[in-house]
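Student: This is the structure, below, for whatever I ask next.
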Amino acid sequence: MIDVLVVDDDVRVARINAAYTDRVPGFRTAGRAHTVAEALAWLEHHHCDLVLLDQYLPDGNGLGLVHRMRELGLRADVIMVTAARDVATLRAAMRHGALHYLIKPFTYAGLRAKLEGYAALRRTLAGGGETARQDEVDRIFGVLGNVATGPDALPKGHSTHTAELVRQALRRAGGPLSAGETAQRTGLSRQTAQRYLKLLERTGEVVRSLRYAGAGRPEHRYGWTGGPGPRPAEDPSDDAEQQARAQDDQ
């Protein structure tokens, strides 16, 4: 089980993010904090694997908290979950070692994709021994692949129209899809769907996870990370998700 500390200055938002986290298989909320001081005090006396961290906090900011964590030798991983979308903060988050960055407001599917990607990363690191092959390195760092060029700068031989078909299928799915499921939803061949899913994984728009179902090889599944374009359709029955969409953070 992956233990998560949720840090957000808004008590209601922290509660929603914790509820989202607990819905993702393999994850549980170990604690909640609403200030830098509360988070540090909690981390000094409890264990967690991952911190879901807001940037705007009453007594400081999230990146300052990460810096202090490292000074104290606290090695929990960090995913930023914040309304801060300026490039300076994004770059600072990368320099401070944040593994990912989720911009508010977001959907449950968006957070789930980040968490599933994090779980896949942990599995890769845990199963790789003391040294890593290049394909393992590529999987670990794939989310950073084309940050400089952005999602619309496609390599030669790829169609912008086809890439957008795959993006739309993933956005609307509300959860990860296999290459076969993506092919069915887009009318593409499975091979073409697979090629574009791998492309979107390299650009950071998609995270890949594995689903184990009995004997045989695990199935690769691809989840939308909340990249550019229309958000997935809302589920009217999901009150918490509607609240998260409606929040006005800072």
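The backbone N, Cα and C atoms fix where each Cβ goes, glycine too.
Copied straight from TrEMBL:
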- 3-119: domain 'Response regulatory' (DOMAIN)
- Asp54: 4-aspartylphosphate (MOD_RES)
- 211-250: region 'Disordered' (REGION)
Student: Starting from the Cβ of Asp54 (4-aspartylphosphate), draw a 10 Å sphere and report how many other Cβ atoms land inside it.
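Tutor: Excluding its own Cβ, Asp54 (4-aspartylphosphate) sees 27 Cβ atoms within 10 Å.
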Student: DSSP says what for the domain 'Response regulatory' (3-119): how many helix, strand, coil residues?
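Tutor: Counting residues per DSSP class in the domain 'Response regulatory' (3-119), I get 54 helix, 30 strand, 33 coil.
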